Structure formats: C-alpha cells, structure tokens
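Colleague: One structure, as structure tokens, below. Some questions next.
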C-alpha cells in the first residue's frame, strides 16, 4: 500500500463541495422560526406578551456553555497526546463546524419541518451541537489514526445516523433522554469503537512513543476536562422543559459530577502500585458522572440518587481505563485512543439503564399528578401510558441506539478503509507533522532572564 | 520522622468513606426546593405565574461563571509552579468537588432546613461554590506542602467553620457581604495562613528551585487569572437581590477591577530596579479589586467609589508581594506559597472596612426610603435600625471572621501536623512526581518540522 | 538613537496619573442608570412591573461572553509568538482595563449624558468592551514593536476617536452595525495598520526568529481563537434589539462562522505545496466570518445568506495571509504582526458592504411593516426613509470609518514615533525579557518520572 498523505486537492475539494452543497440546501430549506423572525403578526397570534418570553432567554446561557464544551471541551481534552495537539483541536474544530451545519438540516427535516421549510431557532442550534458531540466522542476512539478527509466523511454519515436514531428514540419510542446518555454518548462511543475496530492497525506499536503525553500536554488536556466538567449541568439541562425541569437537571448533574470526582481519584490511587494518581483517569473518569446522569437528568432521582450514579460511574470508568482498554486492544483489536468506551460507552449504558429504572418507578407521590403527565409529556389521549411501559420503551431506546451504532459503524468503517483518503502509515500515526506545517523549535529552548542579545536599558 | 508518601490506601479510603457518608446524609436530608420540584400544587400557592420567574433564570448565568472561577480560575492560577501543575489543578478539583457536597449539607442545616429536609435550589449551589472558594484560598497558602489526604481533612473542617461563621455574620449580625470579602476571602486567607504557620517547614529552601515558575507555567497561570478577573462581577452579584442590586454589583466590580489593573502594573514596574513587570503581581494583585469590593458590591458606593477601592487594593496588594511576603516567611515563619495574604487577606480586610464605612453613611438621599429598607433587608418591626448600628455590626462581622479563622486554623493545623497523612519531606515539596504518575519526556523535546521519521508524502 | 527601555518611572507615572484622572472624572460625571439605581420611585414611573424586566437579564450572559473575548480571546490569540506571551496577554490586559474606563466616559458623554451625569448600565459596559475590542485589533498590528507606555497613549487616542466615529455612524448617519464590522473591526484594523506604517522598522529582520511560533505557543493561541469563535454570536447580538433581533443575530453568526471554518481549512491546504494546514490560518481566518457578519447580524439575511458571507470571508482572509501580508510588508512597508488586515480589515469592509446591500433590498415582504420600522428604528416622523437611502447611509458609514481610521492613525503614529516612550530596538522586538522579569529555566527541562532526587515512599 502506498501511503499518500498529501491532502492538497482532496481536503480543499471535500470542504468546498460540502459547503457549497450546504449553502444550496440552506437556501432552499432553512428559514427562521417564529421567535427569531420579524413577523410581528405571528407573535400576536402566539400571544407573546413580552420579549422576555422569547425562547432565547430561556436557553441562551446553556447554549453557549454547550458550545464551549464541543469546541474547547472536546478539542482540548484530546490534546493530551504529545505531538497531536494541532490535530486534536484543529480537526475537532473542522468536523464540528461541518457537523453542526449538516445536523441543522438532518435534524431539521426530521423534527422541525413545516412541510416547506425547516424553521430554526436556538433549540435547533443546541441540538446540532449535541449531535456533533456524538461525533466528537467517536473522534476520540479513532484519534491519531485518520485523516481530516476521513473525519469529514465520518461526520457526514454519523450525523445522518444520529438524526435518524434520535428521531426513533424521541419521536417514535418517546423516551426521555435530555442529556443524551443513549443518543449522544452510548451511540457516539460504540459507533466510534466499531469504526476503530474496522480500521484496526496491527503495527500501531511503531508509533507507541507518541501515544503518551508530556507534562504540558496533560495540562492543556485539563483545560478541556474542566470546561466539560463545569458546563455539564448546562449540557444536561439545555433542552429540558422550562422551569423546574431545567432547574432540577442542573442540581442533579452538579451532584453526580461531584461524587464522580471522589471515586475516580480513589480508584486511580488504589490501582497504582505506589498509590500515585494517573492524569488519564483525572482527565476522563471524573466526567463519567455527567454521562451517566444524562437520561435521568430532569427526572425525580433526588440529589442522593444523582450522587449514587456519579459514585458508580467514577468507579466503573476508572476500572475500565485500567483493565478494559488494554483488553479491548489486545483481544478484540479495538484501539480506543482516548478510552471513549470508559468515559462515554459504559457510563452511557449505565445512564440508559438508570433511565429505564427511574421511569419504571415514577409515581404520583413523587411527581404529583400534573407533574407526572408533564414530566413524561403524556397527552390526555394516551390513556394506556404507565411507568412500566415507559421503562420498557426506555430500555428499547438503549438497544436501538446500540444496534444503530454498531451497524452504522461497520458501514462507515468499511468506507473509511478505502485507501485513498490520505491516511498515514502506522509509524506516522499520532503525529501532527503529517498534516500540519510545524514551527521549528528555537535553537535554545530556554528563555534566558539575562539574555546577552538584549541590549541593557540605560540606567 | 519517616516520610511515607504512598497514598495507596489512605487516599482511596478517605475518598470512599467520605462519599458514602455524603450519600447517606443526602438520602436522609436533601430534597429539591420548590422551584426545582415537580409539585405543581405548591407553585400555585406561591403564585408563580410563569416559568420565567423561576429563580433559575435570575441566577444561572452567574452560577456557571462562579463555577468556572472555582475550578478553572483557582485551579490554573496555582499552576505557576514549574513542577506542580498537576497537583494545583488536580487537588483543587478534588477538594472543591468534595467541599461543595459537604457545604450543601452544612449550609443547608444552618440556612435551608425546613425542620425535616434541606431544600436545595440553585442559590444553594452558588453558596456551596462560595464556601469552597474560601477553601481554595486557604489551599493557596499551603500549596505544595500538603498531601491530598491533608487537603480533604482541611476541607472537611474549613467548610464546617465557614458555614458557622457565615451563619453568625449573615443571620445573627445581619451584615451585608454579597461578594464575601469577610466570609470568603479574609476568612479563607487567615485560616490558610494560620495552618501554614503551624505547618512551618524550616528547611523548605531545599526545594527552593521548584518554587519558581517557568515561562509556560506562568502562561497557564494567566488562564486562571483572567477567568477569575473576567467573571468576578458574577461572583460579587451572584446572590445579590434581584434587579437593581445585582445590576449595580456588576457595574461596581467591573470598575474596581479595571482600576486595580492599572495600579498593580504601576507598582510592579516602580518596585523593580529596571522597571520590569513581575508576572506574580499581574497574576494576583490585579484581582485584589474584586476582593476589596466584595462586601459593598451591591451598595451605593457609586462607580467612582469602586474605582477608589480598586486603586487602593492594587497598590496595597503589590506592596504586599514585594515587602510583606518575605517578611512573613523570615520573621513570622508563615510560608505563604501563593501570597494569599496579599490577594485575599488584606484586600478582604479593606473590603470589610469599606463595608462598615459605606453602611454607616447610608442615607435616604442616596437610597430612597424604600430603597434603604430593601438594601439592608430591614423589616418594619426592627425600628431601632440605623446606618450607624449597621456599620458597627459590619465591623463586628469582620472581627468575628478573623477570630474564627485564627482559632480554626490553629486547631486544623495541629491535626494536619500528625505524621501519617502522607505529606512529603521538605526536599520533595512542590513536586508532582510524589503523588502523580509523570510522563517520560520524549527523547527529543523539539518537534522537527522536517522529521526524518516521517515518510514523505507522494508528490 | 539611544534606546532606553527602562520603564521604571514612565509606566508607573502614566498609569497612576491616568487612573487618578479617571477617578476624578467618574466622581464628577458618572452615576448609575435607573435599572441599576435604588430609586424605587423612578421605577414606578417607568412602570417596571417585575425585576425580570431589568435590562440586566436581557444582556448579562452576552456581556460576560464579550468580556471573555476581549481579555482571553484577544489576549491569548496573540500568544502565538514564541517569546512574547507575557506581553501579549499582559499588555492586552493593561490596555483593555484602561480603555474600558476611558470608553465609559467618552461614549457616555456622547451617548448617555443626561445634561449633568453619564448614566451607566450594563449596555454601557458592553459598549466599552466593544470600543476596547477595536484597540485590541490595532494592538495586533503593532504587536511586539511598541512599549506599554505607547500602548496606553494609543488607547487614549483610539478610544476617543472610536467614540466620535461611533457617534457619527450610529447617531448622525443612523446606520445599523450591531456587531461592529465598520465601527470596531474595519476602524480598528486600518487605524492599527496606519500606526504600524508610521512606525515602520526597516531592520526588523534582526528579530525575525522570534516572529515565529513554537509548538506550545500555537496551542495557547488556539485558546484565544476558540473563545473568540464560540462567543462571537454573543458579540454580534449583545446590543441588538430585544427578542427576535437578538435571537436572529445569534443564528446568523453561528452559521457564518461554521461556513468560514470549512473554507479557511480548504484554502490553507490548497495553498501549501504539500497540502499541509497552517496554524496561522486556522487561528485567524476561521474568525473572519464573525467579522463579516457584524453589520448585518440582526437583519434578515437568512441562514443561507450568513453561510455565503462566512464562505467568502474564509477564502478572502486566508488568501490575504498568504499573498497580501507579505506584499504589505515588502511594498507598502506595513508590518502587520498578527495579520489584522486579513482578519479584521478586509472582512470588516465586506461586512460594511453586506450591510449596505442588505439594507438596500429590505422590504415589507421580508420584514413585515412593523418589523421593517422596528428593525431600522424608523420613527413615524421620518417619512422620507427608504431602504435605498438606508443603504447609502450604510455605505457612507463605511467610508467615514475608514477615513477616521487613516487620519487618526497618522496622528497617533506620529506621536508614538517620539523617541522617549521606552520602545525597544529592532533586534529586541517580540521579546518579553525587555519589559518582564523572566523566570530562569530549570537546569533540566525534563521532568523525570523516576526522579532520583525524590525519596522513594515506603513500600
């Protein structure tokens, strides 16, 4: 196989063609939804009494937080590799910028189509960010082993599949999944892992040295970790029902994440022969509590229920990094660069199960009669609804997500194996210099405080 | 003394025991407050006409900003040390995640207890973050010299004392302290300094080299500085009264911080023999204006009053770094790693004094009759209230905070001196490798732009 | 010429004199606007029914995002230089902190003066940040070649000119420019480029080595890039009309920026002989879509119109970095350190033109009758208003901004050429050590995982 990593025509052509197609489709299909449109007439019809009731003011702070998570959070989380920082941040930037546009169309056709136009408002932007979040997760599994052209192709397909899967779960099965444990995290992780499995590189040990971190690259990664951790309450509440549901989702996520930090630290130390902490666990496992709480975020799990979910996720995730990732690589031939299986895969499944259980035991004592109907969006006409059915649909949703991820991952993986996407040979994986112009290091890396080349100032 | 820094059992056991205890206590005591609960019935009673009036929408943006300050702000501010970045960010993460849970309980019992349950809403989360902020301040004083087990113990006690002190000030003395000059900053700083005094290490010069920064570690620290500086208006207004008070607190803090930057730069240059600026001052003294404005943030100090406070704090804080910190170490045997005395200690006292003065001169001309009553939360029944009394209570609040900090610091310091908490010997202080698995540096630190190990792409 | 870069007296005196003057002027002129004042009486007059209608809640999230863009966004974007990170972040911090105070006064006198006082509320703070944004842009052109004293002088004059120019555009010509393509970006860029032209240094190649980046300095710069990119929707909507206008400005900016990333990446790869990406383009050109959308942000350009603007800006900006910046330096003697001409200059002009065109074709079909009047702030009395006139005034606004920038830049440039401001000689440009105390690098830069100096913990 001749490895040609020169992207001079492939990448520009891919980007420009995709963008031109997006512009054409936006021109035909996308218009502003009422809250963002100028038509005063329609506002009167909807009887919006004040500007404050514009959806914008309910969602804008959460939207910006989610936006930070996608671009800085995921982007910097992956800079831990010593020579792959440009690609981590830069390719994540590229795929997310493309993905949100395509997601506005795909999710729009399936969920915001009025027969003629896709009507977008802030909630569509949040949903597009969410959809791209699942691509960022999958990117973590294949990080360092694929070219930007492959990433654009993967994004194109994954956004499409995500939107269909989301439509099945939210509109057909009518499951609750406000923070996306199933639709975003489990789907993204298993999709990415399947792609990584198809793209298995038996000689990846040739670039083993570059798969570790350096002191400063781990600090850059902590920027990503912390912005993900801090803004996760916004992630899990961004598209919740207004008022108490949004409020509750924040409290629950806050609690779960806090508990998760303590168990991640505990396990990280306990599993090291000298009791030392491992940055990989602190960067990743501490976030598992946010993933695990995604499905139940706005439900009545109570603060201590959230703590328990975070407690379990921190333990399971750290154990996964220590025992499962090596096993996946050596036995199942799944090379999971960032360990997304431990951060998004298993915690996503835990979240889905927690959702099924929580829905099954929902009752009027906990929610109130009106509250129960409102929480699960039950219409008067659906008389045969019961917590039990809801629980079973929740479980079904989890299985559908996993099935879609595995099937989709196989198809996309096979497409990405085609030899002309500019992928790097095994010995050049995890290396920015393949796709980036890299600055020469200065002759002397040390900055001297008394530099002889600096003219002394006059006294 | 035999130094055993292996935390393999001590840290995991501490984390897991604490978290299990927290879960149990949350299960017994913590429930959602009305604004986060599903009970529609109660909403009707409170007559919430729209979801927008949910406390959530008044406070959520400020909450997220405060959250960023605690985790990224304090965490990265302390990464200036050359070999202690993992611990700065990581231990701050650990203690804050534990502290917010314990603070929800302690502050809850004292202030949000309805006789049976602690009812939490977003304001509790903000207050928990505030409480932990004071622990982060104290952490700055002992940074590099304590083990994570010691930090967990310190957090446990400090959160407890903070909550009691806060209860005395806000509920018994009824002082104003919306940005916490007294309760958070002065308390946290003098508590931490007292602990540092008890833990005095006479041979710390053995690790002197590691107490300085490197070029890049100072840039990481600026991330912390800037997020603290930018979001401080949110900090000082996060729990202010709705409407004009919150609005005013933002304007005042914005002004104070801006003035503080100019005087910090001025003094930093004036105190260097060649007029050069010192990163330590830019990283820290520029923030003193936010600390100094904490108590009076929502009062009618007028924008120029805020500028004056910032002006003074910048000067005093920079002078403190140049003259006071060395004096404290050599004469009083207080080793203040981050100089919290200059950033939180003195400015906190200035803030407390400014609060007493501002309260004393409050009058109807400035506030209006209704405004005065509202600003100081005076109930009709308290007929003997006068600005003068308020001023004296404010001053009393400052003294109580200092007394609690010193007394508490002595007790906690003595506990932390016990020899089995995994602390490092003097020559290994300020060193990540004691508690962290450190990556090996790559053989060649330079990334070569023309790397011979990279196969050239086809032309 | 004798170069004296010792700022020991010049910088402190400048800072302190300016701050004292600001305090005096604030004392005489600045008071709280109604929404931030305690006077309950006036609120009743204005008939504010609830605290939620306080302007604060409409604007606070956007304000904080803009604040982050000014201090972290611009500050870190400029850290790409290998030895100028302290100055990039630190001087940006200094000039912005001074500039916002002076802008509150200048903009206040011209736009918020009630005859006796400048009445400030949150909108003034946002406008002050905007004004300083244009100074940050100009700073990018002269980065590395000027002393902090020169920067303070430049800020003093530029803020003054900005405020006058803004007054002419918004109040006399009544143009729309909510995201400031003309007032902020084009004005700032051409002002800075003119100053750079006057300050031309023919022997700058002596410090050529330091004009490039290092691997980690480019990652720091990406922090700036991403926060600018993510929060740009807040920038363009921060002072839009409430409700749908603010909502629309966010959607438009989001779309434009996403498209811009794809075309920047495409051109960056296409223009490199091996198809490699250049960090300079990713850091800068990806933002051009936000600049280009500034003027039309809240208008009815529709999502696909926004995509087209972003598409064009990404291409033009990247082409500018590759072809125009070298041309400007070699032929026109304009040394544009950060390439602000490509990021703010040309895209700002594109934005101005887009504004003129969009206004010219505004019609009732697109906006509705009420909507059209509201969007352009047309009062009943102005019967002779037409889209065509608006378009011509928009175009006039662009020319006025450019003329003010060039004229102002010449004057300020000449003042800055005076030889006693502490500027560095050509061979010491782009060097922190001139103005900053620089830490000594540790003897061994490598952190060893098995450090012999660390006592092994007991087994």
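Backbone N, Cα and C atoms are what each Cβ position is placed from, and that goes for glycine too.
TrEMBL does not curate its annotations; it predicts them automatically.
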Colleague: With the ranges C:308-328, C:371-391 to choose from, which does TrEMBL describe as transmembrane segment?
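Modeller: In TrEMBL, the transmembrane segment feature sits at C:308-328.
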Colleague: Between C:393-416, C:417-440, which stretch does TrEMBL give the note transmembrane segment?
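Modeller: The range carrying the transmembrane segment annotation in TrEMBL is C:393-416.
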Colleague: Sort out the residues at least 6 away from either end of the transmembrane segment (C:12-32), same chain, that have Cβ-Cβ distances under 8 Å to it, and list them.
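Modeller: Same-chain contacts beyond the flanks: 94, 98, 101-102, 104-105, 108-109, 117-121, 149, 152-153, 156.
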Colleague: Using a Cβ-Cβ cut-off of under 8 Å, list the residues of the same chain that are 6+ residues beyond the ends of the transmembrane segment (C:284-302) and lie near it.
Modeller: 77, 175-182, 184-185, 225, 228-229, 232, 235-237, 240-241, 245-246, 248-249, 252-253, 256-261, 264-265, 267-268, 309-310, 312-314, 316-318, 321, 338-339, 342-344, 346-348, 350-352, 354-355, 358-359, 362, 366-367, 375, 394
Colleague: Looking only at the domain 'Ammonium transporter AmtB-like' (C:53-429), what is the mean pLDDT?
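Modeller: PLDDT averaged over the stretch: 95.
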Colleague: Could you pull out which residues elsewhere in the chain have a CB under 8 Å from any CB of the transmembrane segment (C:393-416), counting only those six or more residues past its ends?
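Modeller: Distant contacts of the transmembrane segment (C:393-416): 146, 150, 153-154, 157-158, 161, 164-165, 168-169, 173-177, 182-183, 186-199, 295, 349, 352-353, 355-356, 359.
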Colleague: Please give the sequence-distant neighbours of the transmembrane segment (C:151-170): residues at least 6 beyond its ends with Cβ less than 8 Å from one of its Cβ atoms.
Modeller: 14-15, 18, 91, 94-95, 98-99, 102-103, 106-107, 110-111, 131-132, 134-135, 138-139, 142, 177, 182-184, 187-188, 191, 195, 397, 400-401, 404-405, 408, 411-412, 415-416, 421
Colleague: I need to check the long-range neighbours of the transmembrane segment (C:91-110): which residues 6 or more away from its ends have a CB within less than 8 Å of a CB in the stretch?
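Modeller: Answer is 15, 18, 22, 25-26, 29-30, 70-71, 74-75, 78, 118-120, 124-125, 127-129, 131-132, 135-136, 139, 148, 151-152, 154-156, 158-160, 162-164, 166-167, 171.
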Colleague: Which sequence positions outside the transmembrane segment (C:212-231), separated from its termini by at least 6 residues, show Cβ-Cβ distances below 8 Å to it?
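Modeller: Counting only partners 6 or more residues beyond its ends, the transmembrane segment (C:212-231) has Cβ contacts under 8 Å with 65-66, 68-69, 72-82, 85, 257, 279, 282-284, 286-287, 290.
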Colleague: Which bits of the chain, at least 6 residues beyond where the transmembrane segment (C:182-200) starts or stops, bring a Cβ under 8 A of a Cβ in it?
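Modeller: For the transmembrane segment (C:182-200), the sequence-distant neighbours (Cβ-Cβ under 8 Å, at least 6 residues beyond its ends) are 130-131, 133-142, 145-146, 154, 158, 161-162, 165-166, 169-170, 175, 291, 294-295, 328, 332-337, 340-341, 343-345, 347-349, 351-352, 355, 397-398, 401-402, 404-406, 408-410, 412-414, 416-417.
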Colleague: Please report, as numbers and ranges, the same-chain residues at least 6 past the borders of the transmembrane segment (C:251-272) whose CB is under 8 Å from any CB of it.
Modeller: 179, 229, 232-233, 235-237, 278, 281-282, 285-290, 292-293, 296-298, 301, 303-315, 317-319, 322
